Amino acid sequence: MDHLETFSELSQAIGARLFPEEIPAGGRTGFSSVVIDSRAAIEGSLFVSLVGASQDGHLYLEDAFKAGAAGAMVARSRLGFASLGIMRIAEKYCRTLVIVDDTLKGLQDAARSYLAKFPRLLKIGITGSSGKTTTKEIAAAIIGREKRVIMNSGNLNSETGLPLSVFQVREDHEVGIFEAGMNRRGEIAELASVLNPGIAIITNIGSAHIGILGSKRAIAEEKKNIFSQFKGNGIALIPSDDEYRDFLSDGVKGKVLYYGADSFTELRGIASLGLDGTEINWAGETSRFSLPGNFNLKNAFAAIAIAREVHISDEAIRKGLESVKPLFGRGEIIQGSTTVIRDCYNSNPESLEAAVEFCDSIDWPGRRVYVIGSMLELGETSEEAHRCIGKVLASSLAEKVFLYGSETETAAAVLASRAFPFFHTDRMEDLEGALENYLRPGDLVLLKGSRGCALEQLTDMLAGKAECCTAGGIHVS
């Protein structure tokens, strides 16, 4: 089994201490994968023992070794805990310990040093309030037609997810596309330090995570840190229509480019196909982009902006756009006797309003039914944000609105004040029952809510009315 690195190389790169200092008899000299969950450990893994608010990875050291892990990264402070018996367990299984002060920082440092082994890899960083995952997938679909691409799978974009994704890079990869998310202040800067991107893009600045940072200006300041590792030769891509455009570009130590529909001379025409997507004329030839709605079109423009800086051909751009398919809970279209738009992976004021506007814009012969879950992580702005969404819904073309979650009570109050038909509940079983009684063939159903609402639980009930999935989507965040 080939090693990603030897334990000796790793310890020297990140300033760690090894125990034992010499590889034990029968032990491995290095590791072939990196995991943070002992259940994911396989033969040759390095298990990183992270310490969280409610879990301590050091408790699962023996489980990882039993599964075949070649070694473990552990915190120096845990070595003295007799109840953990960390050194005893390592000796029992003839395994190597990589001892660091902080295992999260150790993981990030290890990922940074590993990436440094691939100087020819063009590293692309993607961040923003929404659209990160879709932009990444579209960019990979386009660039992957002419280059060997690696990207973080799904939405592994966190302080642990991105470093873990880095260890998937191999010598034959030419371009690495990595999205960076955040759940706390300073996280984007940390991830940029790990990735050190040559090209970095911000998709937009919205209200997602405003409960953590307090204001959109603070969100913009955090997202801007994706450019923090530029040394003069990086390329910063910024949406031309974003209200924080000038702030995002100020002080960037590299080339700043603005992207949008007006920035592409090759873009000759756009025509909405409703649920079937958008017809795009690129450089004189037409292709169909299957993710419908203006928001996804902006994601496509972001991906195209990246592809142009990688010098991808017009044909690859067209073919890549045609090949894109939606991801789970991100604007999937499920068609049957009713048509369901399942967009329940995430929600914030901007993406929810965009979803409603799109559904209103469709030339639909039947009823529109909007199922709206709470928008979470909005902090002190939550009540006002839900009140504003209530106004959007009250002005929509929905026949009836179904609200789910305590946070949507202010939206319900707005709908009630305007005598707009609605149903509100905090109980999933009540929501399911009300929908089952109300829906009829020919309805268009929008499912939109934050991840914590888990509106996908309604899929089984709706599947009886909508039987087959198509390649469509309206929003990804």
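Heads up, residue numbers simply count up from 1 along the chain you see.
From the backbone N, Cα and C atoms, a Cβ is placed for every residue, glycine too.
TrEMBL annotations:
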BINDING   Gly128, Ser129, Ser130, Gly131, Lys132, Thr133, Thr134  ATP binding site
DOMAIN    126-307  domain 'Mur ligase central'
DOMAIN    329-451  domain 'Mur ligase C-terminal'
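Taken residue by residue, the domain 'Mur ligase C-terminal' (329-451) breaks down under DSSP into 53 helix, 29 strand, 41 coil. Ranked by Cβ neighbours within 10 A across all protein chains shown, the binding-site residues Ser129, Ser130, Thr133, Thr134 are led by Thr134.
A simple way to gauge crowding: the CB of Lys132 (ATP binding site) has 26 other CB atoms within 10 angstroms, across all the protein chains here. With respect to Cβ neighbours within 10 Å, the binding-site residues Gly128, Gly131 differ, and Gly128 shows the lowest count. Confidence over the domain 'Mur ligase central' (126-307), given as mean pLDDT on the 0 to 100 scale, stands at 95.
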